[in-house]
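According to Swiss-Prot, the protein carries these features:
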type	residues	note
DOMAIN	10-68	domain 'TRAM'
BINDING	81, 87, 90, 169	[4Fe-4S] cluster binding site
BINDING	272, 301, 306, 322, 349, 372	S-adenosyl-L-methionine binding site
ACT_SITE	398	active site, nucleophile
């Protein structure tokens, strides 16, 4: 039998090594040099001399864990959260917010240069966010601890599946943060506590809502405890076992306000977590597309109508395309509730664009196009868009890597005119960006 040679992995150094941090990548991870290659370290600032433990070595790069900051930057801040060093939710509280935004901008520009051969100018604007209490949505992890003989409720540790128990979270709204401790008490009172997978919390203009992921059907006593908790905290409670979430009892509809519109949602739907930045994002989309009363607009990856409905008030028509049936139904309902009769919504898996070549919505002509894909981007859509003939296209991105790839595919038919950056998620490596293309 043929045996293939497999080189042994290079032994990692047992002693800590010292490196100097040169810059930050788009995730706000520090980049230094170790043995002539890039070495990535979290929790550091440019210019700092640090002691690190090498945790992974590849041919072109290495990863390391910070052990000590030997020469700190004058810009280094004291993290405002006591759980920062353990919790995986935030990775940059030791960094001024202006530096975070600058690093994200430079990261996006670098990725576009490397992956798309596009030299982005300085962004037209950089929109920042309130540094704390900006999140109206969160997911809490739940795990049974055999040693403590109780259920832990909190967030995942950095680079680990282990849990960090927290009593509060300063980036959540005050109402969501205040639910964490009573939720932990509640879950530990359930006889089916080990079957709880995770908990999602929402706070919008309609009040509080909670989604509990359960691996079975909770017994009657547990349902009574859950309902009592929901009543005590005036919280709409949903349960997800298999399929889509369902209310555990009669609940008041959940909605959020946007542009004077009321958008109804159900826990489990995608929601922008930062309402203030979301409003600014919608404003910029509307300003850049600049629809008139004669324009037909296409909104790809439309969700429950976050962009569709504001655009419909100015355009002749807006067609929304979304891959999840329930969200298509929700978007249709939202248009009806807001008396917007010039909208239409269709379900389509936009990763399989060729399957919809004969769909009515794809046969229409559009003056303006908006797309807001998830982190995987919109690669399958771009060749069709490049030939669409739309006057303007606005691409909203939450992942600069896939945005660079996708924007390069538009170049045969479109010119990138301007872009902007929104710090939707301060203190994290996530970045929201906006790109305007005009037909050549």
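Each Cβ is built from the backbone N, Cα and C atoms, and glycine gets one as well.
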Checklist line | DSSP residue counts for the domain 'TRAM' (10-68), split into helix, strand and coil | finding: 0 helix, 35 strand, 24 coil
Next item on the list: May I ask for the distance between residue 372 (S-adenosyl-L-methionine binding site) and residue 87 ([4Fe-4S] cluster binding site), taken between their Cα atoms and rounded to an integer number of Å?
Entry: 29
Check: Which of the recorded positions 81, 87, 169, 398 has its Cα closest in space to the Cα of residue 349 (S-adenosyl-L-methionine binding site)?
Finding: 398
Next item on the list: Can you tell which of 272, 306 has the least company, meaning the fewest other C-beta atoms within 10 angstroms of its C-beta, among these binding-site residues?
Entry: 272
Item checked: Confidence summary (mean pLDDT) of the domain 'TRAM' (10-68) -> 94
Next item on the list: May I ask you to report the DSSP-based helix, strand or coil state of residue 87 ([4Fe-4S] cluster binding site)?
Entry: strand
Check: What is the biggest Cα to Cα gap, in Å, among 272, 301, 306, 322, 349, 372, the residues listed as binding S-adenosyl-L-methionine?
Finding: 21
Check: Which has the fewest other Cβ atoms within 10 Å: 322, 349, 372, the binding-site residues listed?
Finding: 349
Notebook entry, point to check: How long is the line from the C-alpha of residue 87 ([4Fe-4S] cluster binding site) to the C-alpha of residue 322 (S-adenosyl-L-methionine binding site), rounded to the nearest angstrom?
Noted result: 33
Checklist line | Additional residues around [4Fe-4S] cluster, ordered along the sequence, whose Cβ is within 8 Å of the centroid of 81, 87, 90, 169 | finding: 83, 84, 89, 93, 155, 166, 170, 171, 427
Check: If one looks at the chain holding residue 301 (S-adenosyl-L-methionine binding site), which residues at least 6 apart in sequence have a CB under 8 angstroms from its CB?
Finding: 321, 322, 323, 350, 371, 372, 373, 374, 378
Margin query: Cα-Cα, whole number of Å: residue 169 ([4Fe-4S] cluster binding site) versus residue 398 (active site, nucleophile)?
Written below: 23
